[in-house]
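The block underneath contains the structure these notes are about, expressed in structure tokens.
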Amino acid sequence: MMTNATGERNLALIQEVLEVFPETARKERRKHMMVSDPKMKSVGKCIISNRKSQPGVMTVRGCAYAGSKGVVFGPIKDMAHISHGPAGCGQYSRAERRNYYTGVSGVDSFGTLNFTSDFQERDIVFGGDKKLSKLIEEMELLFPLTKGITIQSECPVGLIGDDISAVANASSKALDKPVIPVRCEGFRGVSQSLGHHIANDVVRDWILNNREGQPFETTPYDVAIIGDYNIGGDAWASRILLEEMGLRVVAQWSGDGTLVEMENTPFVKLNLVHCYRSMNYIARHMEEKHQIPWMEYNFFGPTKIAESLRKIADQFDDTIRANAEAVIARYEGQMAAIIAKYRPRLEGRKVLLYMGGLRPRHVIGAYEDLGMEIIAAGYEFAHNDDYDRTLPDLKEGTLLFDDASSYELEAFVKALKPDLIGSGIKEKYIFQKMGVPFRQMHSWDYSGPYHGYDGFAIFARDMDMTLNNPAWNELTAPWLKSA
């Protein structure tokens, strides 16, 4: 039973916010909210996640197609990813996550291009297999340097039952390069999370075995970065630290990743998983089949960076451990100067977080390094093990919520009165118009990187720039207005 005053207040807030719902909906939504308790090792049945959103409720979740094409496969730069279906899905999933990559777009890198079969009514009636085959032929003519192609199926393709696997097999033989079908129709599952899982299974079945039995020169220090999508250059900032401590990064995907890097991943000694939610499936598979250990790491803020570097180093020998300590020491002065500059300007500010993937827990340490307090955290599409991993980083009584509706989120903000909200593009303009400082934490509000020591300097600057912007003097939050 929660005795903490903050916890009691937040329990009462949950009941108050849910009062507007009919009884059935109220009971269902109550299962998706709790207050944190440091004594708990697992959320157990205190919070329920990865369930279908309530009909009629405005949810900010994405779909399975978004999880596969927009997250896992889209950033693989030397492959072309076909959005097989209406043109809109491909356009809205094109380049919105700012997955930085090296290369020449349209020549040897294709991540920002929208390849679509542009389904029309006649394709629904007569099927789109022939159109898809023709599309792949034209792509090979126009973009011959692609190393492979994925077919990301959208809702209509699944509804009419097109056989994209047959088209993929025939095209692969004709082109002598991988053409990979991904059955990620948006209506499948309850959120983009199933799309991650589907894409992981496709990587397992179509890519990871491609170089099995072939020679590959290894070292004792080979690692792979998995699940860093290089938003604003995050993976590059992380890779620097790993290489400075003496590790060899054999593969990095999906951000700035290539097909051959994915194929080489089974040769590494350790898989480093950044986004646990989207990539834990493939990491577990490689652990079972190839006996490759894996670990989640967190490179947000100097405290968590040092903690993660030491945990990574513990997987290797004394040389790497010594190197890790040297890397941490090398950046201590720089980090101390950043904290000395920005912490006095940010100390005590309250933050509400609502994001997907890993960020609601990973960014907590970075905010705390700047003296800021997390008063509420929520996930759009988490599973219960995500909440289990979040509990240790939250103070007692912190509000924790899952798949919040627009109404619930606004009600929490009005009651908790955060100084800053970190969430997504769908929420950004609502809260800015309410007069609440906001950071778009899915793509770093067109800034970044935020990972690594280099990223923390930018993170601290951006939080200060957002909270202490004089423009907020021209706006007043609703709860600060006089009656």
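Every residue gets a Cβ built from N, Cα and C, even glycine.
Straight from Swiss-Prot, the features:
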BINDING   Cys63, Cys89, Cys155  [8Fe-7S] cluster binding site
BINDING   Cys275, His442  [7Fe-Mo-9S-C-homocitryl] cluster binding site
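Feature map: Swiss-Prot annotations on the structure.
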residue: Cys63; record: [8Fe-7S] cluster binding site; DSSP (3 states): coil
residue: Cys89; record: [8Fe-7S] cluster binding site; DSSP (3 states): helix
residue: Cys155; record: [8Fe-7S] cluster binding site; DSSP (3 states): helix
residue: Cys275; record: [7Fe-Mo-9S-C-homocitryl] cluster binding site; DSSP (3 states): coil
residue: His442; record: [7Fe-Mo-9S-C-homocitryl] cluster binding site; DSSP (3 states): coil
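Distance from the CA of Cys155 ([8Fe-7S] cluster binding site) to the CA of His442 ([7Fe-Mo-9S-C-homocitryl] cluster binding site) is 25 Å.
Cβ neighbour count for His442 ([7Fe-Mo-9S-C-homocitryl] cluster binding site): 21 (other Cβ atoms within 10 Å of its Cβ, all protein chains included).
Looking at Cys275 ([7Fe-Mo-9S-C-homocitryl] cluster binding site) and Cys63 ([8Fe-7S] cluster binding site), their Cα atoms lie 18 Å from each other. Counting only same-chain residues six or more apart in sequence, the Cβ atoms lying under 8 angstroms from the Cβ of Cys89 ([8Fe-7S] cluster binding site) belong to Tyr65, Lys69, Ser83, Thr116, Glu154, Gly186. Highlighted in sequence order, Ala64, Tyr65, Ala66, Gly85, Glu154, Glu185, Gly186, Phe187 have their Cβ within 8 Å of the centre of the Cβ atoms of Cys63, Cys89, Cys155, the residues recorded for [8Fe-7S] cluster, and are not part of that set.
Within 10 Å of the Cβ of Cys155 ([8Fe-7S] cluster binding site) there are 19 other Cβ atoms, across all protein chains.
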